[in-house]
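Asker: Dropping a structure here in structure tokens format, bear with me for questions.
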Amino acid sequence: MKDLDNVFFVHGYGGTGKTFLWNAIMSRLRSEKLIVLAVASSGVASLLLPGGRTAHSRFKIPIVIDESSVCDIRRGSFPGDLIVQCSLIIWDEAPMTHRHCFESLDRSMRDILGKVDSSCFDKVFGSKTVLLGGDFRQVLPMVEGGGRSETLDASITNSYLWKHVTILRLTINMRLFAMADSGVSTEQVKEFNDWVLSIGDGTAKGVPCDDGDSDLIEIPHDILIPRSESAIDDIIRCTYPNLEESYCDPIYLGERAIIAPKNDTTDEINSRVLSLIPGHEKVYLSSDSLVESSKEHGNLDLLYLVEFLNSLQFKGIPPHKLVLKIGSPVMLLRNLNQSAGLWNGTRLIVTQLDDRVLEAQIISGSHIGDKVLLPRIALHVSSTRWPFVLSRRQYPVRLCYAMTINKSQGQTFHGQLYVAVSRVTSRTGLRILVDDDMDSCHSATLNIVYREMGYSLLSDLNSTRYNWCINVRVVRMWHVSGVSRGKNFASTELVLADEENRSTGRRNHRLHWAEKYGQIFRLHNRGPFSASRKEGSKLYPVPTIFFTSWTTIEEIAAEESANLPLYIFNFVDFEDLDSRARNADGLVDIIGQLTVMHPVVHSSSLNGPSVRRELELRDLSGRSLSVTLWGEHATSFEDEFLIQTIGSDEPVVIIFTRMQVRLFLGTPSCRSNAATKWYINIDIAEVNAFRASLQGRGSEVQILPGDADAEAGGVDEENANRKTVSELLSLNPHDNNDVRFTCHATIREIDVTNGWWYKGCSNCKKGLKATLQGGFELVFHVYNYKLNVAIEDATGRAKIFMFGGVAEQVVRRTASDLVEESSSNQILLPAALRALVGRSYVFQAVISEQTFRTGVLCFQAEGYSCLQGWNRVVVQTFIYKIILKRVLLPWLALDRRALLLIKNLQMVLPL
């Protein structure tokens, strides 16, 4: 966590202990005589915070707000001084507040605190620590007349402040422990909790709707209220049993309520319940008028009569006709006296009905049981629909047998169903009645989830998520190309890391970010995409995501997500590699001390020339592991190794990623592939702990000599390991794998049973597979030799394969030329190949990999020398070789530059 971090967001669903965390933090700081300002986005939420108030009340945030608004707090005022002296601001239920509210507070705090310290002008919230909290699954900011895009734009995640926020997460459901102590089955609570979360995440079982944001989900039958003739009476009987006997009981009323999405529905339910309780009702009518300032636009009194004003209904405003009975529960709609517990959202029971005042008893918040007097007050309200400001003088209360999920007045929004079902702590406390506009009952209801708000982690993504936004770092990258189903493909594979340190492979067919390794990106997906859990799923437990045209990628500054890790590894112990190899269980990451580095070995095969290097690693238990690097990995490893370790005698700890595990003679070994990366002595906890365990040891790396070093020591490559054919046939392939032999023999036959050429990729030289129609659908290809040659000397006959460049040197013609001359005939040998029969060569050969696949010993040529026709070129080559190896090399053996010159010369001359 950076030292400059001062804005935090605690994300947690219901039951994870957000309120407990707020109280614990406030108790600790206030015990140290520090000031903590606790606010919430709603009056109901503020009742749960000691000394809590609504954010609008505490910070004087304007009701009508835009992108340039500021709070009505001046320097030197009491609220301004309170901000200067406070140590922490806690803001609960932040996701439901419009981003302009946070931005207006930011501007005001920079102005107030900048007077004290000029550096605060440039710091978020004037450098004060702000702790936000909430759950993005719940209702988002309400935008009057706005739709989905307006709601998303109003969210705090689209504010310029969000990039400065450090996200913290509460993930353990503390209710499970509380329910276990009370005797309720933990499994039942967990099952109910998972179902509630699936509604909030939009993953509950249901039928997707066309808009991509909503589903019709099935309500479990044990929660569903059976429907009879009247839906209203059904839900009242279920929620308020024995109403006539308990209608005045504060505990009875305080622990139950009906929640509905529309004001019209709640008004109908409240009226019906009020008619069922005993007692005389009293009707209070409001006094409605137009505010004087709104009459400037003309004689509005004549246009809008009092009877019309009485018929208007506004959110947060009591109705013109308020009907109450003694014992009826009401909810306060305005902040009247915060010190007495009279907040917006406080629930009370009416105890006396008077002509000028109401007496009521508080049944929620921190003043439960207190009796208070409620007067009539004038409430002003305006609307874009009307050209005036209405003044309504009425008691600021509303019946609350039934309440709205939010003050949306008939609209449906993200998170409504989740908020409704998450208000209870157990399955037994929840009952749902579904009643549509056609007065018919169903067991399915609409669940709307804006998926951009909920899926900020890689572990949340799967193919059912159409819309999401996530910040990731590219921790590894490699390129892949080849042929799939007869067609060329090229892709970029990525490993991405998010805040949970999870990672996933990505495949991108259309973007080029070779230079973007280590950068941070914001990924937006606006439509369908595919995910799979194929190879590597146990190493990287999240799906492989295939980017599509719906995915947009935006590079962001590193400081916006500095908590994203630089490295992601999932290490496998050496002792577990055997089982991983036998089960073909994906790719692995390994860590070990480098002990031996073998030289680079060049060879040729059916797939063309290849390069490899063997390494040996050792773990802390002393177990050894053979690692094979292929291609560019083999040639580039030595240079990087020398750069990383030059001048150091410390142990060399290396990490290899995404290595293939194979069994050779019953022993596991690892080999590289296109996705393999290595890291030498990097500064991470695992490497530091490994090196600490090796304290006192030196480098211990044994670097074995390569071809150039061997030649510098006077080794004659042409005559090294000279064998007869019979000696070659008597070799044990497992003991002599990768050993180069020389053999003087004569070509006696070229076997064309499987042809003498093949079609290969122009880049990797790998052979192509024929399509069902018998052709090859690769545009860029070349012809290569694959000669199956029988060689013979006085001791016997053996089979040796010659591929690619080695065969071209022998034939002295390209394979493409001969294929064209022979009209692509695989059986008929061209004259240039028939001329090879009877010629003698010194073959430089190794045991072929085909030996281990078929069990039949055969060899592969890696070079040759012609011993027939000692012409001038051969004589010159021989003389140059003698001069270089017998005269110049001993003299220049200590000069590294001279050795490099000789090595380059040997590449020009066939020495």
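Note that Cβ sites are derived from N, Cα and C of the backbone, with glycine treated the same way.
Just so you know, TrEMBL annotations are computer predictions that nobody has curated.
Keep in mind that what you see is a predicted model, and the values were worked out from it rather than measured.
Feature annotation from TrEMBL assigns domain 'DNA helicase Pif1-like DEAD-box helicase' to 3-204. TrEMBL lists 307-353 with the feature domain 'DNA helicase Pif1-like 2B'. The feature domain 'Replication protein A OB' is assigned by TrEMBL to 582-666. Residues or ranges marked as domain 'Replication factor A C-terminal' in TrEMBL: 741-853.
For each listed feature, how buried is it and what is near it?
Answerer: For the domain 'DNA helicase Pif1-like 2B' (307-353), the predicted model reports an average pLDDT of 89.
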Asker: Can you say which of 307-353, 582-666, 741-853 has the most Cβ pairs under 8 Å with the domain 'DNA helicase Pif1-like DEAD-box helicase' (3-204)?
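Answerer: Comparing 307-353, 582-666, 741-853 against the domain 'DNA helicase Pif1-like DEAD-box helicase' (3-204), the winner is 307-353.
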Asker: Under the DSSP assignment, what numbers of helix, strand and coil residues are found in the domain 'Replication factor A C-terminal' (741-853)?
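Answerer: Counts, helix then strand then coil: 23 helix, 46 strand, 44 coil.
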Asker: In the domain 'DNA helicase Pif1-like 2B' (307-353), how many residues does DSSP put in helix, strand and coil?
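Answerer: Helix (H, G, I), strand (E, B), coil: 8 helix, 17 strand, 22 coil.
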